[in-house]
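According to Swiss-Prot:
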type     : residues                                       : note
MOD_RES  : PRO3                                           : N-acetylproline
BINDING  : ASN123, THR173, LYS177, ARG295, HIS327, SER379 : substrate binding site
ACT_SITE : LYS175                                         : active site, proton acceptor
BINDING  : LYS201, ASP203, GLU204                         : Mg(2+) binding site
MOD_RES  : LYS201                                         : N6-carboxylysine
ACT_SITE : HIS294                                         : active site, proton acceptor
SITE     : LYS334                                         : site 'Transition state stabilizer'
Amino acid sequence: MSPKTETKASVGFKAGVKDYRLTYYTPEYQTKDTDILAAFRVTPQPGVPPEEAGAAVAAESSTGTWTTVWTDGLTSLDRYKGRCYDIEPVPGEETQFIAYVAYPLDLFEEGSVTNLFTSIVGNVFGFKALRALRLEDLRIPPSYSKTFQGPPHGIQVERDKLNKYGRPLLGCTIKPKLGLSAKNYGRAVYECLRGGLDFTKDDENVNSQPFMRWRDRFVFCAEAINKAQAETGEIKGHYLNATAGTCEEMIKRAVFARELGVPIVMHDYLTGGFTANTSLAHYCRDNGLLLHIHRAMHAVIDRQRNHGMHFRVLAKALRMSGGDHIHAGTVVGKLEGERDVTLGFVDLLRDDFIEKDRSRGIYFTQDWVSMPGVMPVASGGIHVWHMPALTEIFGDDSVLQFGGGTLGHPWGNAPGAVANRVALEACVQARNEGRDLAREGNEVIREACKWSPELAAACEIWKEIKFEFDVIDRL
């Protein structure tokens, strides 16, 4: 035997490669209340047994590597390893299965979504033995979630700050998203807020470009907010996008927003990164700023049914990292989102305790204990005819955000805002009177048109607009 391959049997170490399932597939394991649990949709390469593929996922996302190593004997693998504890078939898919993996809590740094994701999804998704892999859900135990601050303020504190109750909030993304000067941008903000909206918004890619530097935009938007508040008597806000190329620059922009006295800032949490997002969330809580979160880049990660991560996982990660709002699809607009799936992760964002419900894609019971909730934002291709459905689907604790559905009004920005506010108030009143918005919604809107010419004009311009494409991500 060559010295390079000699086995040191005398010290209990046997070199070589062995099947993952011999160590990491443990169907007899009883999960602990402190374990982080994961549900993976696994598509193995032909010839790879489900037990081996599931064990490989557990190994490569925890303590394992491709071969036995001498240093395994210097720690307790039984204490620290991930375990594939259950495998179930995927109905209608002969080549796929769900692998359930339990991770001991000590594998993860406290209060770090960055470390959590680096471990669970950082390397294993490129594993050759797998044709595809998707993380469908995570169970975050209270013993781990309590190490996070979570949202800077949460739903109830936001309502108290705004003094607005009993209805969804209304927003608008300023369009065109790129190319306006700071002064013209501020003008559009003022007109929309004066017309009745609660918020206006920077689009996700509005940062600090040559045509509109961030400081100029912040100043003109703050002026627009103050003017609209003075005229309407309502508290208004504009999501000032603080996303930047460095964390230091991001915080500098948030500091300037606070100095201007605005109520809310914004961050692109996936392109900006979880470390940056958590830092900004901590600053916002310490300084009384609300934090709006855009999910730009999410579809790169979550849209494919067989590979990547489901948005419910990204939503849970955001709740821990911190944000008071997050975009969550519309069900009825131009962006992807099936109703039951969307409402499943909306509950994961807002509620304290969510029961396991596979009919809505929720694989685990989730207890957030005292962590504040996040308000879902419905945005993307919506207009006044969608208002009854949006009110019925998302309920009061949501933001309904109309960009083109405000600024595309034939009479201008302020009438577009008026149309949306009238439509919302009509839907809320009808719901409170016991009317069924799902069945009577169009009639509610038509009745409101009789005393709102702005709404009537909006209804006429968008009466034929629909986005009727089949969704990709079904249960």
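These residue numbers are counts, starting from 1, taken along the chain as shown.
Glycine too: its Cβ is placed from the backbone N, Cα and C atoms.
Within 10 Å of HIS327 (substrate binding site), counting CA to CA, the recorded positions LYS175, ASP203, GLU204, HIS294 contribute HIS294. Within 10 Å of its Cβ, the residue among the binding-site residues ASN123, THR173, SER379 with the fewest other Cβ atoms is ASN123. Candidate recorded positions: LYS177, HIS294. Fewest other C-beta atoms within 10 angstroms, LYS177.
Across the residues annotated as binding substrate (ASN123, THR173, LYS177, ARG295, HIS327, SER379), the two Cα atoms farthest apart lie 36 Å from each other. Each of the recorded positions LYS175, LYS201, ARG295, HIS327 was scored by the other Cβ atoms within 10 Å of its Cβ; the lowest score goes to LYS175. Taking the Cα atom of each, ASN123 (substrate binding site) and HIS294 (active site, proton acceptor) are about 26 angstrom apart. Considering only the binding-site residues ASP203, GLU204, SER379, HIS294 (active site, proton acceptor) has GLU204 as its nearest partner by CA-CA distance.
According to its DSSP assignment, THR173 (substrate binding site) is in a strand. ARG295 (substrate binding site) has GLU204 nearby among the recorded positions LYS175, LYS201, ASP203, GLU204, counting only those with a Cα within 10 angstroms of its own Cα.
Cα to Cα, LYS177 (substrate binding site) and ASP203 (Mg(2+) binding site) are separated by 6 Å. Shown in sequence order, THR173, ILE174, LYS175, LYS177, LEU178, ASN241, GLY403 are the residues of the chain, 6+ apart in sequence, with a C-beta less than 8 angstroms from the C-beta of ASP203 (Mg(2+) binding site).
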